[in-house]
Amino acid sequence: MDLEIFDQTTAQLPNEQLEMVRDLLQYAAKELSLSENTEMSLTFVNNPEIKKLNAQYRNVDRATDVLSFAAEEAGDETPIIMDPEMAAEIPVNLGDLFISIDKVAEQAKFLGHSVDRELGFLAVHGFLHLNGYDHEEPADEEKMFKLQREILDGYGLTR
């Protein structure tokens, strides 16, 4: 998977954390059997920036931990007829994730686990949203959260 990571925070994340998130999302992509030509972006921001995005796109005037903007919503697809070999070469853009590093630190402290664990949790949570998972209904929540746990545990990021 082609993963572009941008760090727009005032205190840049350590390379070790950036690499951990990159490796974790690559692991998650393999767990979901995504094709290698899948692409997405992840941008780390501070609370003021994620608050702006949350207000602009969700009409919620407060900072949040993670925002996911899927490139395509389920059912948006218009069928295109093309040669299967050509279709396999066209990149599949999942969309864009934004994670507030301020919220990562706050929530890790509140929940009593490491910053790496919270960072990984939010990255996988947003990644699953980009792949069509949600937690609006109890059955969907159970399915998404089970997969989230399996990915985090399989990667070795336990509580």
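Each residue, glycine too, has its Cβ placed from N, Cα and C.
Quick look at what Swiss-Prot annotates:
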{"type": "BINDING", "residues": "H125, H129, H135", "note": "Zn(2+) binding site"}
Worksheet, complete the sentence: Same-chain shell around Zn(2+) excluding H125, H129, H135, C-beta within 8 angstroms of the CB centroid, reads S68, G126, L128, Y133, D134, M144, Q148
Item to complete: Sort H135 (Zn(2+) binding site) into helix, strand or coil using the DSSP assignment.
Response: coil
Worksheet, complete the sentence: Cβ atoms other than its own within 10 Å of the Cβ of H135 (Zn(2+) binding site), all chains, total 16
Worksheet item: Near the Cβ of H125 (Zn(2+) binding site), how many other Cβ atoms are there if near means within 10 Å?
Response: 21
Worksheet item: If H, G and I count as helix, E and B as strand, and all else as coil, what does DSSP give for H125 (Zn(2+) binding site)?
Response: helix
Worksheet item: If you draw a 10 Å sphere on the Cβ of H129 (Zn(2+) binding site), how many other Cβ atoms land inside?
Response: 20
